[in-house]
C-alpha cells in the first residue's frame with residue numbers, strides 16, 4: 001500500500017468531520033473483511049453487517065416510501081414520494097392518477113453505489129440519501145435493487161437498470177406535466193458503480209430512443225488498464241486503494257477481461273462513440289480526493305468530444321461518500337446543483 | 001470546514017432505532033444523529049474512542065492480514081449497529097491489547113486532548129440503550145404496497161377496503177355495509193387465487209363478520225385440536241416457524257453451555273415440533289448431553305385426553321433413543337396469565353430457558369390495570385432467573401388503538417405474508433396454512449377487548465418493554481444469521497430475507513421483515529444502575545459488617 005498506514009490515516013482525518021471518518025472507515029474495515037483474495041465474496045457476512053431499513057408509510061420529513069417487487073424478475077424498486085397533505089391518505093398509495101397534471105415532477109431513478117458488490121436499495125445510508133433527494137429536488141425517487149457481483153457479473157446490473165427504466169416509463173402514476181407534456185420525466189442518477197450503471201442505461205435508452213432527460217453521476221466508477229496520475233498520487237490516502245478497486249472490477253467484469261473492457265473504460269479503445277446520439281445532459285460530480293478522478297475527468301472530456309451536454313462539478317476538498325452525511329459544505333453544494341439540474345425552470 | 005469541524009446534522013432526523021419514525025422523535029441528545037440515519041448507534045462522546053479503535057484495527061489489518069480472514073470466517077460477530085462495542089470486540093478478537101486508553105500520539109490533528117474513558121464496559125452501553133428505548137417510539141408503518149396486480153380492480157379493492165375500515169372506525173355501519181357489497185361484486189372480476197384478490201377476499205370476509213355478525217366473532221376460533229393442526233400446516237408450508245424454532249434453539253443451546261441440568265419452559269407446546277432438534281443437538285454436545293427437563297404449557301384438551309402428556313411421551317422416546325436424560329411435565333392452562341410459577345417446579349440448581357414463540361403479545365390485551373398480565377408474567381419469568389428468554393414475535397404493529405390504523409397495517413402485513421406463501425411449493429399444506437393465517441386476520445380485524453389476542457407489536461416496542469421489565473438483550477450473532485440463511489436456502493423460495501437488527505434476527509419477504517427473534521437475559525441488580533451511590537448501598541446491605 002502506498003505510504004505508511006499512519007500517514008494515510010492522518011491525511012483522511014484532516015479533511016472530513018469525525019463522524020464521517022468513523023462511518024467510512026468502518027465501511028472500509030468491513031469491506032476488507034468481506035473481500036477474499038481468491039475473488040470470492042462473503043455475501044452472508046455482508047448482509048449481516050449491512051444496516052438496512054424498511055420502507056415507511058408514516059412520512060418522515062414529508063417523505064414516504066414503498067417497495068415494489070416485479071413478480072416476473074424478482075427485481076425490487078423502492079419508491080420515495082412526497083406524502084399527501086391529507087393525513088387520512090397516508091398508507092394508501094395512489095396508483096391510478098398521475099403525479100400532477102399542472103406541473104412537471106421529475107422522477108429520478110437512482111442506482112446505489114457499492115462498487116457493484118455492496119449495499120442495497122434498503123441500506124440505511126442509501127435510503128436516507130434518497131429521502132433527502134425527494135425533499136431537495138422536489139422529485140420522486142426510485143431506487144433500484146440491482147443484482148450485484150461477483151454472483152452476478154456484467155451485464156446483469158445494466159439489464160436490471162434497463163428493466164427499471166422501462167418499468168418507470170410505463171407507470172401512469174409517475175407521469176406529470178401539462179397537456180401533451182404528460183409523461184414520466186426521467187432522470188438517471190447514481191454514485192460510484194451506480195453512476196457507471198446510469199451511464200450505460202442512458203446509452204441503451206438513447207439507442208432505443210427512450211427519453212431520459214438527464215444523468216447525474218456522483219464520482220462514477222470508471223477505470224482503465226493503465227494507472228493514472230491521480231491513482232498513484234492518492235492510492236490509500238483517502239479510504240480507497242488501487243488494490244480494492246482492482247478487486248471489484250475483477251468481480252464485475254467477465255472472467256478473464258481487463259479494465260479496458262467497455263463497461264469499465266468508457267470512451268476507451270473498445271467503446272463506441274456517442275457522437276450524434278441523443279444522449280441526456282449530464283451532471284458529473286468529481287471528488288478532489290478520489291483516486292479515480294482522472295478517469296471521471298476523462299469521461300467528462302469524452303462526453304464533450306462527442307458533442308454532448310455535460311457539466312462538471314469538481315469538489316476539490318471532498319472525499320468519496322461526502323454526500324452520505326449532511327455535515328459538510330460539499331453536501332449542500334451538491335444538493336443545490338442537483339436541484340437546479342432537475343428543475344431547470346426554477 | 002476545518003478538520004472535525006461541526007458535526008451538526010440538519011438532515012433527516014430519526015429515532016435511534018433502525019426503523020423509520022416521525023421526525024418529531026429525535027435521537028436522544030447524545031447519540032450522533034448523522035450516524036443514526038446511517039443505521040449506527042454511537043454516542044457523540046464515544047466518537048473519538050471509536051475512531052481510535054478503527055485506526056488500531058487498520059494497523060492490525062495491514063500488519064497481519066491472516067488474522068483478518070480468521071475474523072471473517074470464524075469469529076462470531078454481534079450487533080454491528082453498536083459501533084463502540086463492535087470495534088472493541090473486533091480488537092479483542094485480534095487479542096492484541098487490553099482495552100485501555102491509547103497514548104496521545106494517536107491524537108487527532110486538531111490538537112484536542114483525547115478525553116478517553118476507560119474501556120467501555122458493555123453493561124454501560126446497555127444501560128444507555130434502555131434510556132434510548134424509553135424515549136417514546138413513534139409507530140412505524142412498514143409498507144410494501146400491494147403490488148401484485150396493478151389492474152384497476154385490484155387498486156380499487158384496496159381503496160374500498162381502507163374506506164370501509166374508515167367508516168367502521170367512524171361508526172357508519174350503513175356505509176360500511178354497502179361498501180362490503182361493492183367489494184364482493186368487485187371480487188368476482190378479480191383473480192382471487194393469488195395476489196391482492198386473495199388477500200382482499202380474506203379482509204372483506206373479516207370486515208363483513210365484524211359488521212354483520214359481531215356476536216359470532218368472540219366465540220372460540222376452533223377446537224384445540226384444530227388449532228394445533230393448522231399450526232402444524234403453517235409450520236410445514238413456509239419457513240417462519242422453522243426459523244423461529246431454529247433461532248431460539250440455537251440461542252438456548254448456547255445459553256446451556258456448561259450446564260448439566262437444564263430446564264426448558266415452552267409457553268406453547270403445540271405438537272412439540274421445536275424440541276426434537278434441540279434434543280438431538282444436546283445429544284451431540286461435546287462433553288455429553290445434560291439432563292433435560294421440558295415443561296410444556298398448552299390449553300387443556302376438552303375430550304379428556306392428556307394431549308400434552310402424549311407429546312411428552314413421544315419426545316421422551318426420542319430422547320431415550322439418543323441417550324439424553326429427559327423428563328417432561330405438562331402444564332394445562334387456557335391462558336398464559338393463568339400459569340403460576342410454582343406449577344413449573346423450577347429447581348434452583350438448573351439452568352432455565354424460557355421459550356416464547358408468538359405468545360407474549362397475547363398478554364397485551366387489558367385496560368390499564370395495575371398488574372397487567374404482561375408485566376405479571378415478565379416479572380415471574382425474571383424471578384426464575386433464566387439463562388435465556390427466547391422471544392419470537394410477529395414483526396407488525398397490530399395493537400394500535402385506532403381501528404383504521406390497525407386495519408391498514410394488517411392489510412399490508414398479510415399481503416406480504418400471502419405473497420411469500422405463494423412463492424413456496426404447491427402443497428396441500430399451503431391451503432391449510434392459509435386458514436391459519438386467516439384466523440389471525442379475523443382476530444386482528446373483528447375482535448376487541450379480551451377476545452382480541454393477536455396484539456402483535458414490533459421489535460422496537462418489545463425491546464422497550466423487556467428492558468423496562470429488567471431484561472437485557474443477548475445478541476444473536478453472525479453464526480445464527482449464517483445458519484438461518486442456510487436454513488432458508490433449504491426450506492424456502494427466492495425472496496425470503498434474514499436480516500440482522502441490532503442483535504436480533506428477522507425473517508421477511510423481500511425488504512419487509514415479518515417475524516423477529518430475540519434473546520434476553522435478566523439484568524442483575526448492580527448493572528441496572530450506574531449510580532455509584534446505589535451500588536454503595538447494595539454493598540452495604542450485603543455486608544453486615546460495613547459501617
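Yeah, the Cβs are placed from backbone N, Cα and C, and that goes for glycine too.
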Among ranges B:350-354, B:355-359, B:360-364, B:365-369, whichever one TrEMBL labels motif 'LXXLL motif': B:360-364
Composition by DSSP (helix, strand, coil) of residues within the region 'VHIID' (B:231-296): 32 helix, 12 strand, 22 coil
Tally of DSSP helical, extended and coil residues in the region 'SAW' (B:446-521): 28 helix, 26 strand, 22 coil
Residue numbers, six or more beyond the limits of the motif 'LXXLL motif' (B:360-364), whose CB comes under 8 Å of its CB atoms: 267, 335-337, 372-374, 377, 391, 393-394, 399, 453-457, 462
Residues from the same chain, set at least six apart from the ends of the region 'Leucine repeat II (LRII)' (B:310-342), whose C-beta lies under 8 A from its own: 267, 269, 271-272, 275-276, 279-280, 282-283, 289-301, 359, 362-363, 373, 376-377, 380, 383-384
